[in-house]
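Database features, via TrEMBL:
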| type | residues | note |
| --- | --- | --- |
| TRANSMEM | 6-26 | transmembrane segment |
| TRANSMEM | 38-55 | transmembrane segment |
| TRANSMEM | 67-86 | transmembrane segment |
| TRANSMEM | 91-108 | transmembrane segment |
| TRANSMEM | 120-138 | transmembrane segment |
| TRANSMEM | 159-177 | transmembrane segment |
Amino acid sequence: MSLFSATLFTGVSLVLTGGFLIWNGVSVGQLAKKSLRSFPLTLIIMSVAGSWFLYNITRLGVADFGNYKGFLFIFFLGICFFAFFYARDFLAVRGGAVLVMLLAKVLLEAAYMQEPQSRLFMVGFVYLCVITALYLGTVPYRLRDFFDWLFAKAIRAKFLGYLSGLYGVFLCGIAFTY
């Protein structure tokens, strides 16, 4: 992925997220709250996150524990499988946190060793997402608390939507300056 496409992807994602929050915050709030404990959504998110993570394990080199690929693959496959039985609460949030970190790896690799200083607007946002994913992966119930706070008043969701949309448009504009 190129720096242009990584920045454009991040910007478009923010614009879409902001658009959903501005357009219909109440419906989005209800859907967001229901999705936290939805088993079908959990199954999809954990399957994608687990598959992507296991794919990364198969691509490990010798310097990156490559000699133990088989053991690591089976170990993490077991963790992914047994999470459905022993850590079901907010598993969609944890799977989403894993997806965010895996996507961050791709986006940050696109910006690595690139010349334009404006890439740091995208990189800074991605690191903020990584910190948030680490936090929510540890205490996933905090996302429920955040949704309760965010959607308690419509103005909060709209404000976050406008903020997200504006930063997304800003990132899209920056992408075309590379």
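Residue numbers in this text run from 1 along the chain shown.
In case you wondered, yes, glycine gets a Cβ from its N, Cα and C as well.
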Report task. Sort out the residues at least 6 away from either end of the transmembrane segment (38-55), same chain, that have Cβ-Cβ distances under 8 Å to it, and list them. Result -> 73, 76-77, 80, 83-84, 88, 91-92, 95-96, 98-99, 102
Query raised in the report: Same-chain Cβ contacts of the transmembrane segment (159-177) under 8 Å, 6 or more residues past its ends?
Result: 4-5, 7-8, 10-23, 25, 116, 118, 121-122, 125, 150
